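Below: the structure, in structure tokens.
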Amino acid sequence: MSFPADSVGLVTPQKFQFEEPLHLECGRVLPRFELMVETYGTLNADKSNAILICHALSGHHHAAGYHHEDDKKAGWWDSCIGPGKAIDTNKFFVVALNNIGGCSGSTGPTSPNPENDNRPYGPDFPLVTVRDWVKTQAMLSDRLGISVWYAVVGGSLGGMQALQWSVDYPDRLQKCVVIASAPKLSAQNIAFNEVARQSILSDPDFHHGRYLENDSYPKRGLILARMVGHITYLSEEAMKQKFGRDLKSGKFMYGFDVEFQVESYLRYQGEQFSRNFDADTYLIMTKALDYFDPSREYGHSLTEAMSKTKCQFLIVSFTTDWRFAPSRSQEIVDALITNHKPVSYLDIDAEQGHDSFLFPIPLYVKTLRAFLGGEEHLKSTSLEAS
């Protein structure tokens, strides 16, 4: 198979092992952990061109390129990462990882628990937070010899990680890109997550999270959780244009099988997701979303939290995103402006809803490319740093 000219091509994931104990916010300790990582591009001599990509709820380390010659689907953000793309691998060294608690190779619920005869952690895996993830990402940075990231970039839950980076490690990133995100979840968003969790927890095949030990899997619950979540990722206009009230067979069947095209689509999305994602991981990821609030230890003042930051910011929202509405991005912008921090903000007119951040929308791509800059900007930044 020949890959597109602007693709990073074949990539091989790398597993990094960390033998030191990881103390988590929940009070528990992982005795050791592993991170699955992919890199694209070349790290320059002074290591000033590194960009960290933080993934969203269902994301992972495979952000660009292909794993096999016969792969039909590229990485989840291949539209923006590659030679000549917005995140240009001809200029930048790009690092993407699967967070702990995930199910794509990093230590998570399906990993062997050394404290339980190496049986899968399952529900015994500790709840983790965005701050925990950022802590492990900083440890990965040290392992790679990257003292300062040129940029930390993320969409949705990934944007929350980028924001946490700017607060917890203000001297370790020059630029922060927060896309389709929020400074914390609203009550409505927490409610959506709870409905998704309950669909899994109430599945008879869940077995209190020990489904692997019982040779079972809560497929129905995971399908329903994904269906609920997926609705919130799409805008009403996108669903109207894509499906409308189109019938699968062209006529009413007067039954409870699939009749409308949108029903067929949701069931398909749920089915595909259930084959590739772990139920315990889904529970962990949604709780990390719920817990995120960098203002909590600053008297619940986002303005105070943002006063700690030192980097340049790009905040991007999308007009039809009702999961993380533009007003949530504006909260971040307002807190930065109050602190006289350098911030650029763009609310992009896009019909794809929350999922817009995954699409190569021209203005979005142009803005991202312009903010990150190119080789000349890297040279000037390096001179300033020296």
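Heads up, the Cβ atoms here are built off N, Cα and C, so glycines get one too.
Taken verbatim from Swiss-Prot:
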- 49-358: domain 'AB hydrolase-1' (DOMAIN)
- Ser156: active site, nucleophile (ACT_SITE)
- Arg226, Asp355: substrate binding site (BINDING)
- Asp321: active site (ACT_SITE)
- Arg323: site 'Important for acyl-CoA specificity' (SITE)
- His354: active site (ACT_SITE)
**Report entry** Alpha-carbon distance [Arg226 (substrate binding site); Arg323 (site 'Important for acyl-CoA specificity')] in Å
**Finding:** 14
Report task. Report the member of Asp321, Asp355 (the recorded positions) whose C-beta atom has the most other C-beta atoms within 10 angstroms. Result -> Asp321
Query raised in the report: Quick one: Cα separation, His354 (active site) versus Arg226 (substrate binding site), in Å?
Result: 15
Requested in this report: Determine, using Cα-Cα distances only, which of these recorded positions is closest to Asp321 (active site): Ser156, Arg226, Asp355.
Outcome: Asp355
Query raised in the report: When DSSP states are folded down to helix, strand and coil, where does Arg323 (site 'Important for acyl-CoA specificity') land?
Result: coil
Report summary line: Within 10 A of the CB of His354 (active site), the number of other CB atoms across every chain shown is 25
Query raised in the report: Once the chains shown are all counted, how many other Cβ atoms turn up within 10 Å of the Cβ of Arg226 (substrate binding site)?
Result: 23
**Report entry** Rounded Cα-Cα span from Asp355 (substrate binding site) to the residue listed as 'active site, nucleophile', Å
**Finding:** 9
Query raised in the report: Ranked by the number of other Cβ atoms within 10 Å of their own Cβ, which of the recorded positions Ser156, Arg323 ranks first?
Result: Ser156
